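> Under the heading Zn(2+) binding site, Swiss-Prot lists 54, 347, 372, 376. What Swiss-Prot lists as L-cysteine binding site is 55, 95, 372. According to Swiss-Prot, the feature compositional bias 'Polar residues' maps to 15-25. The region 'Disordered' annotation in Swiss-Prot covers 1-26, 651-685, 700-721. Positions annotated as motif ''HIGH' region' by Swiss-Prot: 56-66. The motif ''KIIK' region' annotation in Swiss-Prot covers 100-103.
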């Protein structure tokens with residue numbers, strides 16, 4: 001007798017567990033400029049990420065080139081912090097001691113003094129003509145075509161402003177007219193005069209406050225711009241002017257380690273000594289640029305490339321760690337005499353002071369790779385005596401303006417403030433998200449229009465979902481049976497989430513993420529439309545989950561601020577939720593009342609009431625940031641939208657209707673012209689149509705048909721056949737015309 005299964009052995013223990021087949025989760029890879037490839041990202045200590053970013057040199061307004069780097073790094077920082085959940089410690093510097101700042105501060109000070117001195121008109125004319133001599137020499141010596149073109153534009157403007165003042169002086173014009181011409185010349189010649197005044201008097205400036213006022217002002221403007229762009233503030237902000245003692249100590253240790261040398265009160269880094277060291281490599285980022293004297297001299301600064309300065313170096317490839325100050329330059333005490341820091345050493349000393357001997361990430365613009373970042377790496381590794389000061393070097397791509405190179409020195413740039421006059425900070429950020437952070441971004445009307453349309457597309461989806469979620473139901477009514485459409489949409493949702501995660505792991509590929517999000521919304525829109533056709537209510541919980549996820553991703557990217565659960569904030573991130581929850585119940589009541597009135601008005605054909613209802617929808621409520629959408633047979637949809645957005649939509653609609661009407665009128669006018677031309681042609685008798693063309697034909701038969709050309713040669717059979725067809729067509733047209741005349745149907 002066999003045992004029953006209850007008595008069988010081994011049945012009281014669990015069976016072996018069958019593990020699912022799982023694909024290994026992708027890890028985050030970042031494009032590392034040190035290897036020029038995507039590398040798996042591993043912080044050096046647990047989940048903490050130490051990050052240093054090169055900040056601005058503050059001597060002028062921040063422009064879209066700055067925005068390219070700082071918005072892009074802000075996105076990367078937020079993704080690492082809020083998506084991958086790293087503990088990011090972010091340090092950024094402000095360069096407030098630099099050749100550009102010194103020169104600009106001197107020029108601004110001297111030009112302001114010159115303007116305030118109110119020079120006589122004849123003196124101004126003479127000074128501008130004198131300043132033109134070295135300026136024209138500078139143009140002739142400039143090889144860069146873009147820079148040459150910029151200088152020539154200045155020369156043209158100055159020359160155009162010179163002539164009226166000269167003419168007015170020759171004619172003894174009145175004081176008011178002379179003053180007007182002088183002001184025009186002063187404005188046109190500001191760059192030219194500033195250079196000339198600096199050459200004459202720059203060395204006489206000894207007041208250090210002149211060199212601190214300029215960067216202090218522009219740093220303040222920079223922070224305002226970053227706040228307007230919703231860029232996170234750094235955890236630590238370092239200013240060069242506050243770190244001079246640390247920089248001096250940093251330079252001294254490099255000298256002590258044998259990689260620096262003193263020359264005429266300045267200190268230089270020996271690139272040869274460093275490169276020959278067994279444990280070091282010079283120019284890790286761009287080794288092929290070693291010896292590029294143009295790039296090296298740009299890195300040294302305009303005030304540091306004179307013949308006497310360059311002769312102090314042991315090698316042209318060496319660079320300044322400490323610069324002996326000349327007259328007219330700010331200075332600080334050091335073991336080598338009064339001087340100021342070199343550009344590259346500033347970042348090394350400040351970053352080293354905060355982050356130590358090695359950091360996880362260093363970021364900056366693509367154009368900083370050589371010599372700035374390569375020199376940073378060399379001097380820092382010489383100081384710390386290691387070969388890993390930076391583990392991952394990230395460089396944001398260039399920014400072009402409508403396909404053209406952007407350059408502050410070439411005066412071809414758009415300030416951040418100007419850009420924010422045309423588009424919102426969110427739209428700018430969306431434009432950046434729709435492109436790879438490491439590739440060139442073209443800032444153009446097409447680029448921004450794509451971002452605006454993306455924002456509108458997402459916003460309409462969020463507004464539609466919010467409207468669906470507001471439909472009254474009890475809590476159990478929110479949960480309905482899932483049919484095939486819901487299962488398919490949910491599968492699509494999770495597929496898109498996986499694709500988005502994979503894209504973020506792949507060098508934080510926001511471009512792909514944005515496309516996947518757009519595709520997901522398109523699927524949702526198709527689902528909602530299918531439900532509408534079937535006269536079924538869409539699944540709220542599924543749409544809530546998807547829209548909440550999309551909102552959370554846009555929050556990660558910094559495109560949404562505040563506590564908004566679904567969609568973009570309305571009326572500012574702080575009061576968005578309160579505004580919507582407060583006013584929406586009243587708007588719903590108003591909408592329902594309006595719908596009831598419209599139904600009665602339609603039944604009784606009261607057109608005046610229907611017109612008032614349309615006026616409320618089209619003109620009154622948009623002024624308050626409310627959009628009503630009427631759908632035949634369905635409840636009116638109520639949407640809260642920014643007032644400016646609605647008014648812009650209204651204006652665009654008006655322009656579109658005007659354009660449509662203009663095209664309609666143009667088509668009618670063309671049709672009328674064509675009909676008039678046809679009528680005129682119909683009036684011509686076939687016997688006259690060729691006889692008028694004496695430049696082509698010389699002889700005709702009795703019906704007016706041509707037989708010979710202008711030279712008296714008889715027409716060929718082919719020509720005759722072709723002309724006969726035209727003749728017969730005209731016969732038919734003229735016959736129709738005669739019939740119209742007989743019937744009285746022509747004017």
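Keep in mind that glycine also has a Cβ here, set from the backbone N, Cα and C atoms.
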> Could you measure between residue 347 (Zn(2+) binding site) and residue 95 (L-cysteine binding site) for me? Cα positions, answer in whole angstrom.
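Rounded to a whole number, the Cα-Cα distance is 9 Å.
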> Given the binding-site residues 54, 347, which one is most crowded in terms of C-beta atoms within 10 angstroms?
347
> Do any residues of this chain, six or more beyond the ends of the motif ''KIIK' region' (100-103), have a C-beta under 8 angstroms from a C-beta of it, and if so which?
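For the motif ''KIIK' region' (100-103), the far contacts come to 57-59, 198, 202, 211, 214-215, 301-303, 329-330.
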> Just to confirm my parser: what is the rounded mean pLDDT across the motif ''KIIK' region' (100-103)?
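That stretch averages a pLDDT of 95.
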> Quick one: which residues besides 54, 347, 372, 376 have a Cβ within 8 Å of the Zn(2+) site's Cβ centroid, in sequence order?
343, 344, 346, 348, 362, 364, 368, 373, 375
> Hey, for the L-cysteine site built from 55, 95, 372, who else sits with CB inside 8 A of the CB center?
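My list of surrounding residues reads 54, 56, 57, 93, 343, 346, 347, 364, 368.
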> Within a 10 Å radius of its Cβ, which of these binding-site residues (55, 95, 372, 376) has the fewest neighbouring Cβ atoms?
372
> Taking only the Cα atoms, work out how far residue 54 (Zn(2+) binding site) lies from residue 95 (L-cysteine binding site), in Å, as a whole number.
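A Cα-Cα distance of 9 Å.
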> Determine, from DSSP, whether residue 54 (Zn(2+) binding site) sits in helix, strand or coil.
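Reduced to three states, the DSSP call for residue 54 (Zn(2+) binding site) is coil.
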> Let's see if you can do this one: DSSP helix, strand and coil counts over the compositional bias 'Polar residues' (15-25), in that order.
0 helix, 0 strand, 11 coil
> Please report the Cα separation of residue 372 (Zn(2+) binding site) and residue 95 (L-cysteine binding site) in Å, rounded to an integer.
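Given the Cα positions, residue 372 (Zn(2+) binding site) is 13 Å from residue 95 (L-cysteine binding site).
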